[in-house]
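Report on the following structure.
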Amino acid sequence: MHSRWLSLAPLLAIGLVGPLSILAVPVADPEAHTTSVASSRDFLVFRRHDDHMHMHHGAPLTELNETAILQWHAPTPPSYWSIDIEDRDPSVSRYPGLMALHVIFMTLAFFVALPVGIAMRAVKHSWHGLVVVAFYSLCALGCASSTLYTKLTPDMYEGSTHGSHGYLVLILSLCLSAVDITRFLVRLYAFIKSRSKFVLKPFWQNVVLGRNEVYDVTAKYTGLDAEEPPEFDVAEMKPLRLAEIREPLHVRRNQPIATIQTQDLDDADDNETAPWVNNSRSSQDAIRSSLLERNVFEAVSPQGSRHSDETLHDFKLPGLIEPQAPLIRISQGAFATLERALIFAAFGMTLSGIVVYTGGCRESYVNGCLAHLIKGGIFWCYGLVTFARYLGSFSELGWAWNISPTGEHVSAEFVESLVIFLYGITNTWMERFGVHSGDPYTTKQVQHISIAVMFWFAGLVGMGIESKRVRRWLAASAVAAVGPAEASEPSSYRGSFNPFPALVIGVTGAAMSAHAQTYIFQVQIHELWGRLLLGFSVLRCFTYFFVWLGPPRSILPSRPPTEALASFFLACGGLVFIFSTEEVTIAAMRKGRDDMMMFLNVAVAITCFAFCWTFCIVAMKGWLKSRSSPRYPLSTP
């Protein structure tokens, strides 16, 4: 259950970016809205017909038509960017340095200290508390610099909610830290009550780090506390091969666990353990059957066995009321999900902060701006998650193109399909926001709603394909024809080959490449990110092709190179999607920056930087795990 909750963490975290982006963009001032040349609703109706006219009755324009822009949009008002940098008045004191400090401190807090803290928590590192203190110190400095800047600078963006929603993110992080503090106090109370005198080592292990002494006691029984022999090979980390087991999977599941042969720990004395541990063959066998041993001891360990689950309470601290296991797993999964969601929430706040400082997404630009920020932000975030999967993240769930070492979990394709389903079912209704009741559907509304409906039902089909119950239904005819004993599973069952997530993203990219726009530069930039999304779809299909030819046979991440390229195309396409906002493209044309190569190079540079950041975080977590886990056989002395 814990793993199933953790498997939904990326889904919930990425889904948080959209709502935060919606809430963080301020509502336009009604009085200012009435002074504009055209209302937002009139803009929505007539602008769509205008684009439709260009698509059928004329080529996109090459020169900017300021008269047409002012017909549908109010003049761009001054912003923080304009008074601080672009049109700065030397006679008036401005403080852009304070805003720069705010950006630096918050970036270090949420994109450096927070990921490092999450990685350290995962391995229960002793420096985790220090990193948490550094995180809140950086947040305090960032808030202080922002508050001081706000006091010394006039309000250039009325109705902004960026600050208030930023504080909500900080409150969420404080709530998670309060859970940590509560756990520490409970452990401290139990430690004080259980011991007559203070001992530093147990206090540090049990109270500060939250580790249980049972791991130190049982380590020697797993054959992993001794130094591995030189002939130990990485390939020995592979689980039992399916070819070595003749019975099909559904037959093996029905067999009693007692038939599995394991080392009898109760017959071995402490003094007799050392030669067994240092025996090369026995160590390799222990590694090979570690997962099976776990299931055996959980299911059939007799009462009185020294290290069975029934006697683990001997090592637990007294004075604690143990909650039920499902409640613990659900709470741990929720905690891990919310903690990781903070990083994606910080990305959403970064987007809204850029919008507020530059003065964008106001009045009639709001709806189009929100659509590009939310959708492009989702593609960007999922591109980073896909790259993390390629590096080896979520390998314990079997999401790193490997065999799951810890049991059965929902597949990554199921989560992708669920994200696509939620994306479609929400965007189906959002397309009509701001339109008068009874207004006819425009061509663009039909285009966008059709794409949303495709996401909706393709996501449903994808989730159905990933359902094990549905798969059994689909195979019922074949099994009934020969009987369960003769129905062996093919090797392709070790992987998930679901093309629907790639299909919908590829079709979206192909469709948006042909999206009608007013200006040729807008057409070109839409073609750019549309082709990038289509490239992701093609590369994902190549991944399925190669994995189909050679299904994963190891618990180690296989890292198909096509996934590295696919993740880059997806993230870069999402970033260019954000850049294609109408207000950004018009500003680029006004400044003479409507150059496709410049936009592409900037997007590629930012994506490469973000991939380097992702690589450092994933590598650091693995390094910490290798140094702290006694069960990690690849570490060298």
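Placed from the backbone N, Cα and C atoms, the Cβ positions cover glycine too.
Remember, TrEMBL labels are computer predictions, not curated facts.
For reference, TrEMBL has these:
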type	residues	note
DOMAIN	96-175	domain 'DUF2427'
DOMAIN	347-621	domain 'Protein YTP1-like C-terminal'
SIGNAL	1-24	signal peptide
TRANSMEM	99-120	transmembrane segment
TRANSMEM	127-147	transmembrane segment
TRANSMEM	167-186	transmembrane segment
TRANSMEM	341-359	transmembrane segment
TRANSMEM	365-388	transmembrane segment
TRANSMEM	446-465	transmembrane segment
TRANSMEM	500-522	transmembrane segment
TRANSMEM	528-550	transmembrane segment
TRANSMEM	562-579	transmembrane segment
TRANSMEM	599-624	transmembrane segment
Worksheet item: Have the transmembrane segment (599-624) and the transmembrane segment (99-120) got at least three CB pairs under 8 Å, pairs 6 or more apart in sequence?
Response: yes
Discussion item. Assess whether the transmembrane segment (99-120) lies in contact with the transmembrane segment (562-579), where contact requires at least three Cβ pairs under 8 Å among residues 6 or more apart in sequence.
Written reply: no
Discussion item. Against the transmembrane segment (446-465), which of these stretches has the most C-beta pairs under 8 Å: 341-359, 500-522, 528-550, 562-579?
Written reply: 500-522
Item to complete: Using a Cβ-Cβ cut-off of under 8 Å, list the residues of the same chain that are 6+ residues beyond the ends of the transmembrane segment (562-579) and lie near it.
Response: 351, 372-373, 375-384, 386-387, 389-390, 401, 505, 509, 525, 528-530, 532-533, 535-536, 539-540, 542-543, 546, 585, 599-600, 602-604, 606-607, 610-611
